[in-house]
Amino acid sequence: MLQGNLGTLGSKPVVCPTLTCGHTSPSLLLRARRGALQHQAAHHALVCKQPLVPMHTQQLAPPRLPPLAASSNGDANSAEQAKPSLLQAAMDKGGITRTLALGTLFAGWYLFNIQFNIYNKFVLKAFPQPLTCTTVQFVVGAGLSALFWITGIVKRPTVNKSTIISVLPLAMVHTLGNLLTNVSLGAVAVSFTHTIKAMEPAFSVALSALFLGEQPHPLILATLLPIMGGVAMASMSEVTFNWRGFLSAMGSNLTFQSRNVFSKKLMAKAPPVEGEEPVQLDNFNLFSIITILSATLLLPVTLLIEGWRLTPARMLDMGITEPYGIIQGVILSGVLFHLYQQVSYMILQRVSPVTHSIGNCVKRVAVIVASVLVFRNPMPLQNSIGTAIALMGVFAYSQVKRTVGKAGKAKAQ
């Protein structure tokens, strides 16, 4: 029999009983150790109903981390992860489930946006009142948001005065940006409006450097050259070019990018009001509140400047022979407007900003192609080449920004 047990194997040599000299045989010692370990493992499995894990394996096993909780700084992504939705649960599974969920969101984003641009252009051609159309779009979106909350499709957030004050600046620039976009869509071709809006990265870089003190990387500056050059080339040969459409699209770029820049300061930490702290919102509810505030802001302005012209009698006076069709088109464009922007926020919550930017570039290509096919707008060769150069510049900008960002993080570590 072997002398000692597992507790003494490490400190006392196991003497082979067949050797009378009392010396230890290395091979028999190793065999004895192995047999004792196997015996203890079998005993542990019998008693504990689970296999014994060697100590070196336990030391290398990574610890289980607790799930991410909602942060106290109002981060929308953390809030969503704290209470995952069905879509988020599908995303968390990874693999093909996550791919299908993301693919569905992107497909819906593209489809709703293409349909919105087509219906919106038809409406603005027959009913050239961009202020009224934009107001209806916000009112319809506010109604849809309220419907989602009432039916329980989306959990209604608790909103206080501090939250409203924090979101109000974003709603103001959101309102102005969409109004200017509709002005441009009513004045020039859909394809040309989206070609001009491809210059958003140039405005983002300029405003970030001016107000946030961010110094752009030389490679990022280099990608802006084909963007600006392509837009200039397309503008010189655009058949529907006029300054109202061009300047309103540029103003939309300035407004939307200033929203992105200033939100970093305004939403970093909202000051409490009367002892209140801003309520944490996910991206879905954040956009819903922005939409409601935009409708509240723009409706009085519309009534003051244009009055309410979206009535059959007023439209007949304007020479519109099918007023009910126009009313249906305005409401439908409002539904599509809200859906495509809501899905865009949902995508942004689940992917990186750079991935979202690349997806937005591809979406712009799809909108331009679809609008040319539907409206049969003439696109001279110079215009087509300029548009292609600008969009390729936007794609290059997104790729370079991702690469520079990864290099910066690696250097910081």
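Just so it is clear, glycine is given a Cβ too, placed from its N, Cα and C backbone atoms.
Annotated features, as they stand in TrEMBL:
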type	residues	note
DOMAIN	101-398	domain 'Sugar phosphate transporter'
TRANSMEM	99-116	transmembrane segment
TRANSMEM	136-154	transmembrane segment
TRANSMEM	166-189	transmembrane segment
TRANSMEM	219-237	transmembrane segment
TRANSMEM	284-305	transmembrane segment
TRANSMEM	326-348	transmembrane segment
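Remark: the transmembrane segment (166-189) contacts the transmembrane segment (284-305), by the rule of 3 or more CB pairs under 8 A. Against the transmembrane segment (284-305), stretch 136-154 shows more Cβ pairs under 8 Å than any other of 99-116, 136-154, 219-237, 326-348. Outside the transmembrane segment (219-237) by six or more residues, the chain places 192, 195-196, 198-199, 201-202, 205, 246, 380, 382-383, 385-394, 396-397, 400-401, 403-404 with a CB less than 8 A from a CB of the stretch.
For the transmembrane segment (99-116), the residues of the chain that approach it from at least six positions outside its boundaries are 87, 90-91, 333, 336-337, 339-340, 343-344, 346-347, 350-351, 359, 362-363, 366-367, 370, judged by C-beta separation under 8 angstroms. Proximity of distant same-chain residues to the transmembrane segment (326-348), defined by a Cβ-Cβ separation under 8 Å and at least 6 residues beyond the stretch ends, is recorded for 87, 102, 105-106, 108-109, 112-113, 115-116, 119-120, 122-123, 126-127, 132-133, 136-141, 144-145, 178, 283-284, 286-288, 291, 310, 312, 315, 320, 356, 359-360. Per-residue confidence over the domain 'Sugar phosphate transporter' (101-398) averages out at a pLDDT of 87.
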